[in-house]
Amino acid sequence: CAGEENWVDSRTIYVGHREPPPGAEAYIPQRFPDNRIVSSKYTFWNFIPKNLFEQFRRIANFYFLIIFLVQLIIDTPTSPVTSGLPLLFVITVTAIKQGYEDWLRHKADNAMNQCPVHFIQHGKLVRKQSRKLRVGDIVMVKEDEKFPCDLIFLSSSRGDGTCFVTTASLDGESSHKTYYAVQDTKAFHNEQEIDALHATIECEQPQPDLYKFVGRINVYHDRNEPVARPLGSENLLLRGATLKNTEKIFGVAIYTGMETKMALNYQSKSQKRSAVEKSMNVFLVVYLCILVSKALINTVLKYAWQSEPFRDEPWYNQKTDPEKKRNLFLQAFTDFLAFMVLFNYIIPVSMYVTVEMQKFLGSYFITWDEEMFDEGTGEGPLVNTSDLNEELGQIEYVFTDKTGTLTENNMEFVECCIEGHVYVPHVICNGQILRDCTGIDMIDSSPGSSGKEREELFFRALCLCHTVQVKDDDSIDGLKKNQVSRRSCIYISSSPDEVALVEGIQRLGYTYLRLKDNYMEILNRENNIEKFELLEVFSFDSVRRRMSVIVKSSTGDIFLFCKGADSSIFPRVKEGKIDQVRSRVQRNAVEGLRTLCVAYKKLSAEEYRNVQKLLQSAKLALQEREKKLAEAYEKIERDFILLGATAVEDRLQEKAADTIEALQKAGIKVWVLTGDKMETAAATCYACKLFRRNTQILELTTKKIEEQSLHDVLFDLNKTVIRQNGSLTRDTFSG
């Protein structure tokens with residue numbers, strides 16, 4: 001399979017720089033950059049020409065340079081020094097400011113490039129500077145260290161071949177994400193074993209998307225054919241991310257230096273221009289037009305005045321012979337330039353000096369601001385560039401994420417609904433779970449034998465369908481220990497929803513214990529440990545809006561459990577109490593709770609073999625892998641039996657409502673971005689005072705677009721808005 005498909009635009013990497021084994025495809029050596037990061041704009045050699053070029057791209061500086069040159073060339077009424085000195089001062093001050101800021105960037109780059117990194121060479125651990133790292137090197141990273149480049153995750157100190165990572169410096173996410181080692185290398189735990197690895201990696205050329213990666217690793221065992229394994233974003237550890245709650249990991253460098261995804265996401269280092277500077281440039285053009293027109297008019301008037309002979313050559317100012325022989329047009333052009341110089345003070349050079357000084361000194365005031373000092377980290381604000389000082393605070397729109405920004409991102413399990421029966425973990429009497437007596441769509445009679453079976457399947461589904469990891473330890477940074485569990489378990493996951501669900505089900509009698517040797521263990525109500533072999537995981541993604549697992553029970557039954565948004569589960573369900581569950585989901589959504597639906601189906605051995613083939617061919621594809629996987633998931637995730645739904649609460653941050661109210665009073669427009677159900681989103685917006693009771697809500701949803709064309713929907717909304725704002729004229733409103 002490894003040789004069936006090749007990229008036109010790909011790279012092949014030999015792990016540990018080992019030569020290809022006999023029988024491997026011929027390899028054309030490729031040159032890769034070293035691991036140096038360069039965020040600076042200038043070097044010692046190009047600073048003067050590059051800085052002068054950038055400064056003279058400003059209209060004002062270029063204008064004063066032209067005036068200065070004119071004063072040098074022609075006989076003008078004013079000295080060249082009057083234009084030259086202020087221009088030199090502005091250029092020098094700006095160059096010193098930008099040079100100093102770039103020197104600070106050089107300093108930061110050097111500190112980063114000289115960080116010590118642990119390499120493996122000839123079976124031993126060697127310390128080198130980060131900049132000496134090359135593509136193909138095998139690196140060891142310890143807990144709480146940042147990854148020095150983009151690595152393929154080979155193995156970790158954890159037995160299950162996983163590690164936890166925070167990517168706060170890349171995408172702002174502070175939660176722990178789980179990454180997975182390559183299946184064939186996760187058992188290598190020391191330097192000698194890793195150094196003996198014979199493998200090649202084929203992967204795409206570097207691209208900036210943090211969440212996309214497609215590759216393949218070919219592991220050579222003895223002289224046999226290589227074993228090909230797919231590589232995805234779950235195997236790629238990115239530069240800038242930090243290793244957490246894992247003692248150490250081994251990885252092989254595939255993108256280094258300026259080819260890492262973090263470096264590719266740097267903004268271009270071209271000079272930023274503030275709104276004030278842009279507006280000054282506009283005014284400058286206007287004043288230039290006035291200046292040129294004044295000089296032109298004066299030149300014309302001069303020659304009109306001199307058309308009379310006695311005015312052209314009065315007795316006290318006789319012309320010399322060379323002056324009489326001069327070309328008339330050249331003389332007129334010289335006079336035009338002389339008038340330009342004479343009136344050039346209409347454009348104030350001192351204003352530019354003042355603005356540059358104000359920006360430079362203003363950056364120090366930001367650094368000295370005590371109210372911006374964070375006592376937690378012991379750090380104050382850092383000014384990287386002073387070009388945009390005056391932009392700070394001039395905000396018209398605020399776009400905010402909902403989860404973790406408006407809300408605490410601290411999920412709490414509220415209830416679950418299984419075939420119409422509502423379960424609330426807090427309602428416990430004599431160790432027995434009581435069903436919620438206040439539930440309006442509650443079915444009073446206890447479930448029958450089939451209902452009991454579905455109930456157990458539902459609890460097992462939530463115990464198995466997740467990517468939660470277990471750590472038996474109190475000292476986990478930023479994670480709380482569950483006090484009410486029958487067994488001391490601390491759950492870690494990139495999604496707080498999953499932790500809340502696993503903890504909630506634990507209070508309802510089913511405890512997820514661990515994943516060991518690809519077997520998931522759960523403790524049921526009878527205190528018996530049940531083991532399920534984990535066969536496949538279909539990760540959650542924002543397009544499918546669901547995740548699934550395929551597990552095999554100790555009795556040999558194969559189940560596919562799926563959980564996801566109601567909009568992605570209900571259309572794929574063929575049986576179950578859909579109406580009761582849907583009405584409960586709707587009610588919880590209106591109350592602002594986050595809802596998920598759970599479904600399952602049983603697979604025969606033959607069906608599972610077909611699923612395996614479908615997934616394997618999609619996973620090993622190098623081109624359009626995501627599309628092929630999506631098509632495979634679409635074929636597999638259908639004909640479910642609905643089990644029930646869950647509701648989780650994510651409380652609003654303290655003072656979130658007051659903050660939004662204050663922003664709106666200041667005239668700032670606030671937009672909240674969320675992937676929640678519409679009802680949940682609306683409930684949250686009311687709670688945080690983004691919506692008021694009298695707010696006119698305009699809905700633009702796929703449901704509406706299905707019923708009528710997008711143009712018609714927008715036209716209706718437009719009419720509604722104009723009707724609501726009848727007092728406004730069309731002209732005022734068109735903006």
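Here the Cβ of each residue, glycine as well, is placed from N, Cα and C on the backbone.
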Notebook entry, point to check: Which is it, of 128-159, 192-223, 448-479, 608-639, that TrEMBL names as coiled coil?
Noted result: 608-639
Note to self: As a test of the contact definition, list every same-chain residue at least 6 positions from ASP401 (active site, 4-aspartylphosphate intermediate) whose Cβ is closer than 8 Å to its Cβ.
What the structure shows: VAL672, LEU673, THR674
Margin query: I'd like to know the mean pLDDT over the domain 'P-type ATPase A' (114-178).
Written below: 87
Margin query: Just checking a number: largest C-alpha distance across ASP401, LYS402, THR403, GLU498, PHE540, LYS563, ARG594, THR674, GLY675, ASP676 for the ATP site, rounded to a whole Å.
Written below: 23
Notebook entry, point to check: In the domain 'P-type ATPase A' (114-178), how many residues does DSSP put in helix, strand and coil?
Noted result: 7 helix, 37 strand, 21 coil
Check: List, in sequence order, the same-chain residues at least six positions removed whose CB sits under 8 Å from that of ARG594 (ATP binding site)?
Finding: MET411, ASP497, ALA647, VAL648, GLU649, ASP650, ASP676, THR680
